[in-house]
Amino acid sequence: MKKLAQLRRHWPLLVFVILPSLLAGLYYSLVAQDRYASRAAISVRDISGMSSSSSTSSGLGSLIGGSASAAFGDMLSLNAYIHSSQMLQRLEERLQLRQHYESPAVDFVYRLPKDAPAEKFLAYFVSRVDVHFDDLTGVLVVEAQAFDREMSRKLNQAILEESERFLNDYMHRIADERRRFAESEVESSKKRLQAAKKEVLEFQVKHRLLDPVLQASANSSLTASLQATLSGHETALNAALAYLSEDSYQVRNLRSQIAATKAQIAAESLRATASTGGAQLAALQIEYQALVSKAAFAEEALKTAQISYESARMDTMRKLKTLVVMEPPTLPGLAAYPKRLYDFLSFFVGCLMLFTIVKLLIATVLEHQD
């Protein structure tokens, strides 16, 4: 009876500490399955703007610099893809992960339940593959767990290969979108150039002027030539009047030439300032120059669009970024999990804390009863 009374008095210690700790000790020492973790470190490097000479001469410093400057978004995309259902599906096709994690040889605590739905399988996979991104160095560390050391290395290697395939597909999709956009810009630029040239042609037909600027320049040159001729005739007339009379043939001839030249100058001046097709020549020059400038701008825009298109087209046919393996998948020599002593002590401390809480609750209830 005395032993039974002692047992009743110490039942919380037995229930919350001794028995659970004993079961945990038996589990960690006899049942718990070793889990091996393969580790790899990767980064994304932009190689689209690198020449062959620079790439061959680049050393570890440029490699680390390229890794540190890798796009933050690319690494986050890789991080998300590694834990995606698409990644799990491809790994399942390659390695039969479900069969490995459902193996009866695996202990019941960490075993994947038989015929687990896709959502639970994905959650289980995420718990077995840890991904950590260091934003200071731009390095993504991948740790893959399996119940066999070789399987953990194969799993990590497959993750890296699928990540590189995803990165290439992702970058080529972006490059293809850029190519399609550049192609549409080329077509738009061609249409704008054709429209601008059509406006120039319609202007020339409407006003019957090939080039108002050249026409104005020709008029100015003709007027200047006539002015020079007039000046020569007037000089000759003044010289002739010095020794000839007004009625002489030579003087009359010079005066006739002067009058004809002045009339021609007046006619040219009138034609230059008179309206031509409803607009003055000066106004037509401004309008024509605007149309020509518009056509020239459209032509330059077309050249730029064609260069962009060619660049985008080349991007779709080459590797823009590469996955740099800073540390290849390791073949673990020792099991990384479970950490038996640490896990057991953590469990034991948790049991003690639970026991303490229960004792306090019991003491509080008994105190209120008294």
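A Cβ is built for glycine as well, from the same backbone N, Cα and C atoms used for every other residue.
Automated prediction, rather than curation, is the source of TrEMBL annotations.
Model, not experiment: these values are computed from the prediction.
Database features, via TrEMBL:
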- 5-67: domain 'Polysaccharide chain length determinant N-terminal' (DOMAIN)
- 12-30: transmembrane segment (TRANSMEM)
- 179-206: coiled coil (COILED)
- 344-366: transmembrane segment (TRANSMEM)
Review point. Mind checking which residues reach the coiled coil (179-206)? Cβ under 8 Å, same chain, six or more beyond either end.
Key: 277, 287-288, 291-292, 294-295, 297-299, 301-302, 304-306, 308-309, 311-313, 315-316
Practice item. Take the coiled coil (179-206) and average the pLDDT across it for me. Key: 88
